Amino acid sequence: MAGQLGVLNALDVAKTQWYHFTAIVIAGMGFFTDAYDLFCISLVTKLLGRLYYTEPGAPKPGSLPPRVQASVTGVALCGTLAGQLFFGWLGDKLGRKRVYGLTLVLMVVCSLASGFSFGSTPKGVLTTLCFFRFWLGFGIGGDYPLSATIMSEYANKKTRGAFIAAVFAMQGFGILAGGVVALIVAYAYDQKYKLPTYEQDPQGSIVPSFDYVWRIVLMFGALPAAITYYWRMKMPETARYTALVAKDAKQAASDMSKVLQVELEAEVEKVKKLAEEESHRYGLFSKEFLRRHGLHLVGTTTTWFLLDIAFYSQNLFQKDIFSAIGWIPPAQEMNAIHEVYKIARAQTLIALCSTVPGYWFTVFLIDHMGRFAIQLMGFFFMTVFMFALAIPYDHWTKKANRIGFVVIYSLTFFFANFGPNSTTFVVPAEIFPARLRSTCHGISAAAGKAGAIVGAFGFLYAAQSKDPSKTDAGYPTGIGIKNSLIMLGVINFFGMVFTLLVPESKGKSLEELSGENDGSEDPKPATTVPV
């Protein structure tokens, strides 16, 4: 620790101050928007099917064809993956702050543009929607590595885990807000148009003005991002980037003096010494990186990949699972707006009772229990509850047992968030050197989004019934929801296994974890199992 810069030590030992909470809110509102934009699409895909694909005289209302459903649901995830890699790399090259505002502008513009999707045919409307949602995802992708890195570099070492987890926990409020906005819009339209069910009057169960419903829901995501843009631009660059990467000791000391409200010495000689040692430092694709951090990167990427297969398939296809067990009535027994309302109500209840509390349990306990214990525990209980749903699946489909199904299903969300969904975000922002931190977090997050794409596209087909008469229009037969849930349980089990590669970072400074405080970058290996 003797070689650590004073400005970095001051950040490590600083008491929790107002600037910590400001940073959490500024970074967290980005994540609020991210979650809102990624998950609100699942609230309106059934409505899009009714609006654009209902055939006259058909016994059921229309639904999106398989390829269209997969594209609308998954295209933002593809954009997010690309954005995580690109902006993660750019954040290490140009600085966290310079890139931070760009991602927010992209999110605001593309959220609004999604609502203005145009075309004279259903194909035209949905093609433009997919185009704008890809670039929306690209902006969202940048928010992952930048927000995590900025928060980790601003935080003190005692409560760093809680601060990074609090930024990520805003995702829960974003998912909740998506459900609430859809409920309000659906309720308002229901009060204006008292429509019969599809069974009673297929044509009368929907009106052209319902086309505005999905547009309003998607466009609302621009609001929180736009509100925080000014404050993001006011944040100074992090001292760790300025001192360790840009090698500007005076600017680092000046910026942090204002933030911490104390006088800090500009340690020019120490920074010069670090700059002279730069030539001896290893890059991302070097044997030295592989030796020191290779297994760590394998651990952070594989666990995030496996988690997101389960997490996104559960989140994006809640409506299909709830329909399968009868919690949401068959489509023909509702009009278009009632279907939106009931899907939104189900998602809101799950978010309120399990998703949001799970995130905040992590915030309050991560610096006491440690990252490793929370991640291992989360994967364990997700595995147990998935098998508890899947093995006696026929029991849960009976009307008397539906509440039990929803409770156990909610617990899988709770332990995803009080578990790996939070810790996979936190750890990559802590264990890699400053000049590679954003890049490595971006790689880890992109692996997660690759898992999300597998979950989104794979579950869509896999969950179809084995009985050809019960599949959705245009879909081949699948393995059924029961076997899909068993597969998710197995995936969660492997998440538990790969967690053994992830080091514990609780209570250590970032420079201690990466070895940057003495210039050697040869830290003692972090213990896998905390003692």
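Just so you know, the numbers here start at 1 and follow the chain as drawn.
Using the three backbone atoms N, Cα and C, a Cβ is placed for every residue, glycine included.
Distant neighbours of the transmembrane segment (21-48): 63-64, 69, 72-73, 76-77, 80, 103-104, 107, 111, 126, 133, 136-137, 140, 143-144, 147, 150-151, 154, 163, 166-175, 177-179, 181-182, 210, 213-214, 217-218, 220-222, 224-225, 227-228, 231-232, 235, 315-319, 331, 336, 339-340, 343-344, 347; these residues of the same chain sit at least 6 beyond its ends, with a Cβ under 8 Å from one of its Cβ atoms. Marked as transmembrane segment by TrEMBL: 21-48 (among others).
Among the features that TrEMBL reports, domain 'Major facilitator superfamily (MFS) profile' is placed at 23-507.
What TrEMBL records for 68-87 (among others) is transmembrane segment.
If you look up TrEMBL, you'll see 99-118 (among others) marked as transmembrane segment.
Annotated transmembrane segment per TrEMBL: 162-189 (among others), in sequence order.
For the transmembrane segment (212-231), the list of distant contacts is 22, 25-26, 29-30, 32-33, 36-37, 40-41, 43-44, 47-48, 51, 101, 104-105, 107-109, 111-112, 114-117, 178, 181-182, 185-186, 189, 337, 340: same-chain residues at least six beyond its ends, Cβ to Cβ under 8 Å. The transmembrane segment feature in TrEMBL is assigned to 212-231 (among others).
Residues or ranges marked as transmembrane segment in TrEMBL: 348-366 (among others).
If you look up TrEMBL, you'll see 372-391 (among others) marked as transmembrane segment.
Long-range neighbours of the transmembrane segment (403-422) within the same chain, counting only residues 6 or more positions beyond its ends whose Cβ lies under 8 Å from a Cβ of the stretch, are 165, 168-169, 172, 303-304, 307, 310-311, 314, 321-322, 325, 327, 350, 353-355, 357-359, 361-363, 365-366, 374-375, 377-379, 381-382, 385-386, 388-389, 396, 495, 499. Positions annotated as transmembrane segment by TrEMBL: 403-422 (among others).
Summarising the annotation, TrEMBL assigns transmembrane segment to 442-463 (among others). Counting only same-chain residues 6+ beyond the ends of the transmembrane segment (442-463), those with a CB under 8 A from a CB of the stretch are 66, 69-70, 73-74, 77-78, 80-82, 84-89, 91, 141, 144-145, 297, 300-302, 304-313, 316-317, 320-321, 324, 424-425, 428, 475-476, 478-481, 483-484, 487.
Residues or ranges marked as transmembrane segment by TrEMBL: 484-502 (among others). Outside the transmembrane segment (484-502) by six or more residues, the chain places 295-296, 298-300, 302-303, 306-307, 309-310, 313-314, 371-372, 375-376, 379-380, 382-383, 386-387, 389-391, 393, 420, 423, 427, 459, 462-463, 478, 528-529 with a CB less than 8 A from a CB of the stretch.
For 510-531, the entry in TrEMBL reads region 'Disordered'.
Model confidence over the domain 'Major facilitator superfamily (MFS) profile' (23-507) stands at 88, taken as the mean pLDDT rounded to a whole number. Most Cβ pairs under 8 A with the transmembrane segment (348-366) among the ranges 68-87, 99-118, 162-189, 372-391 are made by 162-189.
Within the chain carrying the transmembrane segment (162-189), a Cβ under 8 angstroms from the stretch's Cβ atoms is held by residues 20, 23-24, 27-37, 39-40, 43-44, 147-148, 151-152, 154-155, 209-210, 213, 216-217, 220, 315, 337-338, 340-341, 343-345, 347-348, 351-352, 355-356, 358-360, 362-364, 366-367, 417, 421-423, 425-426, 429-430, all 6 or more beyond its ends.
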